[in-house]
């Protein structure tokens, strides 16, 4: 994406009403920020700061109320359009981060800007304006929210790369190749009488194969980026007292769940997000599965089945001594069957044989069974690394987060759609005499799918959904 210049008429910001919001998180903090963006913001600056400020310089001064008394003292920053986050005139007021002070400062800005139509910003509206004014493309705008919400260091670094435009540049490179191939097809359609065969001369089939191969690489990397963003939802299930809470504590490296030898100690689900190699894992410890007359425990068991229905992977825990001596019990076989009924299609189950430290000669290990098994001891940690490795394998993590960009399911869907259209295009290329128009159309649809990632082609409905999930001050 080419940065706009002052002389470029196309870089002029879209005319909108001015907006304001507290840009920092709710609560108390050392610093709080009120952001104002839009036309005629100088009027707010003059009223609140008492004077006009030099562009892009930090100025320490009092923030004034309508009577000229100081609300707070802090730093004011003035960014004239188009050289600002939104591409509009932007005023940022950095004061002390108390909620009362911030609300007073925001209210003062709104009153000072009443005559110019200043209003409170909607969620994500600052970033939406940055997108509409070509300061960010859509993938970069989404990366702003992903960076804020990142739950691991790897996710944060990948989001930062997306914000820098790494993902967008990769998609743009694919689009350029598709456009070039489309030009060859259109030339062949428009000039059929020419002696030169544009497609044969340019090796159109070879170009298409190259585009598909590059797209496969982007899709594989995007899947890894999506895993960094979304993580894995892991549910611990099994009969009471098989060590589910102990396993949660072992994976988390902290005493998060109460552990006692009394069956039914856990009556409601306990959730904790941990990370393995930068992948966030949302681990859910659940109530033991059994028939019970206890109303509270029964509700907990119902929530267990609800959690299983939303899982990305289910760990069915069994007692190693019982399993080694007698195999799968009727109760555990019934649990296996019910898990299969509740999990979404394609969601794997991993059998975790726990308490090997109490099972004689049992040793930690992985068994290639159906479902796969991991033998471990949550109490002394034996085999925990094997379980971590199994979870990464199930997730499809290939390691090496360096260079990855964060991706969303929306991006994966667009990439898969583009690949499908390119596959159909390849079929038409093999039957070019009858299908040249269809070849061109599939290339157009592939380009459209890729453009939807960066927002070069996006519906208003899609934009509304994306930006509504931002925090107010972004």
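Glycine is no exception: its Cβ is also placed from the backbone N, Cα and C atoms.
Taken verbatim from Swiss-Prot:
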BINDING   35, 92, 135, 474  (6S)-5-formyl-5,6,7,8-tetrahydrofolate binding site
BINDING   241, 260, 262, 265  K(+) binding site
BINDING   241-246, 260-266, 285-288, 377-379  GTP binding site
BINDING   245, 266  Mg(2+) binding site
DOMAIN    231-396  domain 'TrmE-type G'
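Across the fold, the C-alpha of residue 244 (GTP binding site) and the C-alpha of residue 135 ((6S)-5-formyl-5,6,7,8-tetrahydrofolate binding site) stand 49 Å from each other. For the binding-site residues 35, 135, 241, 244, 245, the largest tally of other C-beta atoms within 10 A is found at 244. Geometry remark: residue 245 (Mg(2+) binding site) versus residue 287 (GTP binding site), CA distance 9 Å. All protein chains considered, the CB of residue 287 (GTP binding site) has 27 other CB atoms within 10 Å.
Note: the CA-CA distance between residue 287 (GTP binding site) and residue 135 ((6S)-5-formyl-5,6,7,8-tetrahydrofolate binding site) rounds to 49 Å. Residue 244 (GTP binding site) carries a helical DSSP state (H, G or I). Here the CA atom of residue 241 (K(+) binding site) lies 56 Å from the CA atom of residue 135 ((6S)-5-formyl-5,6,7,8-tetrahydrofolate binding site). Looking just at the domain 'TrmE-type G' (231-396), the mean pLDDT is 83.
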